[in-house]
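Engineer: So TrEMBL lists these for the protein:
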TRANSMEM  20-37  transmembrane segment
TRANSMEM  74-90  transmembrane segment
TRANSMEM  102-120  transmembrane segment
TRANSMEM  153-174  transmembrane segment
TRANSMEM  180-201  transmembrane segment
TRANSMEM  208-228  transmembrane segment
TRANSMEM  266-283  transmembrane segment
TRANSMEM  304-323  transmembrane segment
TRANSMEM  343-361  transmembrane segment
TRANSMEM  373-392  transmembrane segment
Amino acid sequence: MQKISKEAPQFLTNPQNTWLVGLLMWSVEVVLNLYVINRVKFTEIDWKAYMQEVEGFINGTHDYMQLKGDTGPLVYPAGFVYVYTALYYMTSHGTNVKLGQYIFFLIYLVNLYFVIQIYSKTKKCPPYVIIFMCCTSYRVHSIFVLRLFNDPIAMFGCFTSLSISSWTKIIALYYSNLSFAVSIKMNILLFSPGLLVLLLLENGILKTFLNLTVCAALQVILAIPFLLTNPFGYIVRSFDLSRQFFFVWTVNWRLIPEELFLDRRFHFALLLCHLAVLIAFALKRWSFETIINMFKCILNGKTYHGVVNVIALAMFTSNFIGICFSRSLHYQFYVWYYHTLPFLLWCTPFSSPARLLLFGLIEMCWNTYPSTFLSSLGLHICHICLLLGLWVNKSTAL
């Protein structure tokens, strides 16, 4: 017993054991999610609207301006239509919600497998972080198996690609996975600045342009039925960057008046801040020399042990910066960055207790419903602390 109590802390703090602890927690998650599905009541928010939107497509309507549900018009790209059309048929026209929950349960488990694989390969965090990540967030479990939002499916495409440590494989997968994920929900574009920096350094401007053209071509192929019917309507609806959000649902901006929240000048100011911080990180923290050395090792057939860290840090930071300056965050948006938070926190100079405190405070802010002045303020303070931590800790810069 004394030996176990002595070795347990060492086991839970040694990054070499991340995969084993992750496997244990993955097993726990199986039981936990089954319990949630069978004991906690399903909450109808968007599922019925999703089914109504794709039902219009199934019935032959290819004009995006005509596709809508109870919550309003269809505002997601073509990939969303295809994925939820499959779910429509698999769940008996959307009526078998329980089966839909089990499908999202499987998506959650596979997604978590890839997340654990990323943490195991980066070896950035101690294994006990996986325990906190799996057990602390009721909100994330709810988003997956009690709400059936499209956000988890979009994030699934990112993590499947990032879990592969070979750079060549990552790029090949990203041409398909990232582009398809974007076609489900546009938030995946927040990862793009970090990816773009990596692509430019590996391929140069011309080849990067050609690669991005391939990604764009996939978007066009997926959208062909809608582009042939009403191209303007499809672009306006599915890629509407100016769409207004409802103040009642905002998690991050409850601390300002609704008039300011809806003001286009405020949105433009956030966009400028977003771009300024991205440029600052690209120039000062995403070290070109480190990335170039990584590519040299790969081209020479050598192993660059920091490759996953380099890619994950650039892309996770890029995504996080976008979230910090988002015009609005809704509750389901939490999955956009939840599984990346421990990695980012351990890329700061903070002590482990301070990192866990920040992680817990962010969770508390997201679990406050409805959001309040204090919960929004607390979320911004946590985001600022994490962003400053990523900036000042030069030892973890790329």
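Just so you know, glycine gets a Cβ as well, placed from its N, Cα and C.
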Engineer: Is it true that the transmembrane segment (102-120) and the transmembrane segment (373-392) have 3 or more CB pairs under 8 Å, sequence gap of 6 or more?
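Structural biologist: Result for the transmembrane segment (102-120) with the transmembrane segment (373-392) is no.
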Engineer: The transmembrane segment (373-392): which same-chain residues, six or more beyond its ends, come within Cβ distance under 8 Å?
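Structural biologist: Apart from its flanks, the transmembrane segment (373-392) reaches 250-255, 277, 280-281, 285, 317, 320-321, 323-324, 341, 344-345, 347-350, 358, 361-362, 364-366.
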